[in-house]
Amino acid sequence: MARHPRWTLSQVTELFGKPLLELLFEAQQIHRQHFDPQQVQVSTLLSIKTGACPEDCKYCPQSSRYKTGLEAERLMEVEQVLDSARKAKNAGSTRFCMGAAWRNPHERDMPYLEKIVQGVKAMGLETCMTLGMLNESQAQRLANAGLDYYNHNLDTSPEFYGNIITTRTYQERLDTLEKVREAGIKVCSGGIVGLGETVTDRAGLLLQLANLPTPPESVPINMLVKVKGTPLADNDDVDAFDFIRTIAVARIMMPTSYVRLSAGREQMNEQTQAMCFMAGANSIFYGCKLLTTPNPAEDKDLQLFRKLGLNPQQTRVLAGDNEQQQRLEQTLMTPDTDDYYNAAAL
């Protein structure tokens with residue numbers, strides 16, 4: 001028997017058509033029913049493998065098809081990733097996200113990925129990865145390693161998707177999300193505002209996300225970062241109120257999900273970000289760079305938090321994590337142990 005969708009396109013379109021202040025009021029009420037309005041979840045994102053991606057996503061400077069001046073980099077060493085995670089934790093992040101610019105991981109990559117998940121988890125951080133498409137075995141191996149979240153964005157509506165990406169189908173994205181969910185990993189999935197889509201496309205994106213069998217636990221909403229050399233470099237700027245409206249609708253449709261202000265915050269002033277938090281955003285990426293694009297410096301974010309009376313959300317760290325971390329890091333970085341993994345050898 002087919003599952004009845006939670007939302008219809010007409011309902012979502014009606015939300016987008018509401019007066020902005022009325023929409024914000026509704027979103028804030030729903031937000032307060034499920035979250036502490038003063039708490040913001042803080043994540044850090046690291047590119048563990050940069051550039052030379054075979055996909056043709058028109059917004060992405062990491063695609064090998066576009067001349068953006070980005071230099072490709074090989075997989076980072078395990079100890080480099082763990083050092084970055086340690087710095088992120090010391091700076092206040094509670095979740096460490098790792099991204100690799102490829103279509104999908106190969107089997108030879110899995111031991112490396114498992115080791116860094118285990119190493120970051122041992123620090124008491126939540127873990128997230130974005131690695132492209134996964135098969136069932138890969139999703140289960142990451143779950144067994146302790147991965148908390150897997151990010152795989154839908155980007156836009158099914159109807160507009162073909163204008164942005166041709167090397168991967170929308171259904172393939174949905175299939176990956178299903179495999180991740182079946183493996184027991186939490187889902188992180190959102191999209192991008194500013195690709196040239198219509199309001200109906202924005203409604204269609206949120207409709208897809210909210211009507212998944214289980215909505216994503218984390219929903220990143222990105223504002224397009226226009227990069228010279230990509231096909232979308234000359235797109236029109238996104239109106240701030242349109243972006244805020246998208247955040248509010250996401251909050252109303254997915255009341256228990258974390259809604260993250262993701263890429264594009266460097267282009268937003270403090271007032272726009274404040275209204276996004278009022279609209280129900282309660283998660284940010286923290287650090288000077290998101291994969292390859294600029295992000296506000298940590299100090300700037302902390303100043304904004306103080307102005308707004310916001311606090312970084314804390315996670316509970318189990319006793320013994322520090323000892324576990326030391327043992328695991330020693331094992332991972334000692335060449336004569338069975339668990340040692342040298343990424344440069346790939």
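From the backbone N, Cα and C atoms, a Cβ is placed for every residue, glycine too.
According to Swiss-Prot, the features are:
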DOMAIN    38-256  domain 'Radical SAM core'
BINDING   C53, C57, C60  [4Fe-4S] cluster binding site
BINDING   C97, C128, C188, R260  [2Fe-2S] cluster binding site
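Feature annotations (Swiss-Prot) mapped to structure.
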residue : record                        : DSSP (3 states)
C53     : [4Fe-4S] cluster binding site : strand
C60     : [4Fe-4S] cluster binding site : coil
C97     : [2Fe-2S] cluster binding site : strand
C128    : [2Fe-2S] cluster binding site : strand
C188    : [2Fe-2S] cluster binding site : strand
R260    : [2Fe-2S] cluster binding site : strand
Between C97 ([2Fe-2S] cluster binding site) and C60 ([4Fe-4S] cluster binding site), find the distance joining the two CA atoms and give it rounded to the nearest Å. 18
Specify all same-chain residues, apart from the site residues C53, C57, C60, whose Cβ lies within 8 angstroms of the center of the Cβ atoms of the [4Fe-4S] cluster site, ordered by sequence. E55, D56, Y59, P61, Q62, S63, A101
Nonlocal residues around C188 ([2Fe-2S] cluster binding site), in sequence order (Cβ under 8 Å, 6 or more apart): C128, T130, Y149, Y150, N151, H152, P216, E217, S218, V219, P220
Using the alpha carbons only, what distance in Å do you get between C57 ([4Fe-4S] cluster binding site) and R260 ([2Fe-2S] cluster binding site) once rounded? 21
In whole Å, how far is C60 ([4Fe-4S] cluster binding site) from R260 ([2Fe-2S] cluster binding site) when you measure between their Cα atoms? 19
Beyond the listed site residues C97, C128, C188, R260, identify every same-chain residue whose Cβ lies within 8 Å of the center of their Cβ atoms for the [2Fe-2S] cluster site. S43, L45, R95, T130, Y149, N151, S218, P220, F285
The number of other Cβ atoms within 10 Å of the Cβ of C53 ([4Fe-4S] cluster binding site), counted over all protein chains shown, is 21
Across all the protein chains here, work out how many other Cβ atoms are within 10 Å of the Cβ of C60 ([4Fe-4S] cluster binding site). 25
Counting every protein chain present, what is the number of Cβ atoms, excluding its own, within 10 Å of the Cβ of C97 ([2Fe-2S] cluster binding site)? 28
